[in-house]
Amino acid sequence: MNPGGEITHPRNLPYRPRRLRTTPVMRSHVRETRVHPSQLILPVFVREGARQPRPITSMPGVVQHSMESLKEAAQEAVELGLGGVMIFGVPTTLDATGSGILAQDGILNRALNEVRAEVGDDILVMADLCLDEFTDHGHCGVLDAQGRVDNDATLDLYAQAAVAQAQAGAHVLGPSGMMDGQVGVIRQALDEAGHTDVSVLAYSVKYASAFYGPFREAVDSTLTGDRKTYQMDPANRREALRELQLDLAEGADMVMVKPAMSYLDMVREVADLSPVPVSAYQISGEYSMIQAAAANGWIDRRAAVEESILSIRRAGADTVLTYFAADFARWWHQDN
Ligand code: PBG
């Protein structure tokens, strides 16, 4: 400093970080994190009896597929080189035990079957393994006499659903219901039925998040109330590490943190500890916020989408489930 006089600039800075930001080639050369389409999973919805894809108002750009349009989307996922699709079924009839998840001609099992026949082993066919789309009360499990979600009765149904989904052709099952013990019973049921090669992507660290809002419209959810007795409290960190340990002990092949963007600290913690691949789910509300802001011209859509997915990878996720997967891959192919 030179009080009262000219500001003096140091000319002998020992290091200038800007040197590695000078040109696109230099920035690309030193870039630490990359996203490849094969690391992305596209979640898709298929509606029983639909002849046409139906737009989901709160998720502009996402639809409830007909069987035909679902198969086209899966074929496009192959062409774009995505890692896979995660299929959610939207049935027309619901009941207290969500029996539509078990029937081989139920919407989800039919979709798994038809999509697998379409894509073979070219992408991963993943199944959401949860009762909430199939129950008339909208909870992820069956209810006991007091109206509480009955953990152990639900496990029996998950075990049966797992075998049905594997038979239908799923490569990967994604139990998303947050019942205690779900990974273990699913693994055991799969193995007993001879499906030792079907893997389990455990929704290990799933928070009771407000950002699931648009998903409820996407699956015509009938839920009243919330899922706070089974999904995690957004305030908790240590509990996530416990959930991770349990799912690993029960045989999880991959683990997931969900949602992603408000939970990047947990993605990092899980990634640092996990011996298996870590996934993060950029959920419906995260998608819709970006879409809404971009539609208003408030943010640059492509830049915001790419940055959001990159940041999830930088936090430690090996793979990302995102409704932007196909968009991302199209941009990626333009540039590569
Ligand atoms: C439960 C399930 C949900 C999502 C995926 N699986 C909803 C919930 O837990 O309430 C949300 C996905 C999203 O918001 O994009 N089967």
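In case you wondered, yes, glycine gets a Cβ from its N, Cα and C as well.
As recorded in TrEMBL:
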type     : residues   : note
ACT_SITE : K206       : active site, schiff-base intermediate with substrate
ACT_SITE : K258       : active site, schiff-base intermediate with substrate
BINDING  : R216, R227 : 5-aminolevulinate 1 binding site
BINDING  : E243       : Mg(2+) binding site
BINDING  : S284, Y323 : 5-aminolevulinate 2 binding site
Cα distance (Å, whole number) from S284 (5-aminolevulinate 2 binding site) to K258 (active site, schiff-base intermediate with substrate): 11
Intrachain C-beta neighbours of S284 (5-aminolevulinate 2 binding site), sequence separation six or more, cut-off 8 angstroms: S58, M59, F211, Y212, G213, P214, F215, A218, Y323
Residue from K206, R216, R227 whose C-alpha is spatially nearest that of E243 (Mg(2+) binding site), among the recorded positions: K206
Cβ neighbours of R216 (5-aminolevulinate 1 binding site) where a neighbour is any other Cβ within 10 Å: 15
Rounded inter-Cα distance in Å - R216 (5-aminolevulinate 1 binding site), K206 (active site, schiff-base intermediate with substrate): 16
Collapsed DSSP category at R227 (5-aminolevulinate 1 binding site): coil
Neighbourhood of ligand 1 - binding-site residues from R216, E243, S284, Y323 with Cβ under 6 Å: S284
Listed in sequence order, residues with CB under 8 A of R227 (5-aminolevulinate 1 binding site) and six or more positions away: H139, C140, M178, A208
Around the Cβ of K206 (active site, schiff-base intermediate with substrate), the count of other Cβ atoms that are within 10 Å: 26
Cβ-Cβ neighbours of K258 (active site, schiff-base intermediate with substrate) (radius 10 Å): 25
Reduced DSSP assignment, Y323 (5-aminolevulinate 2 binding site): coil
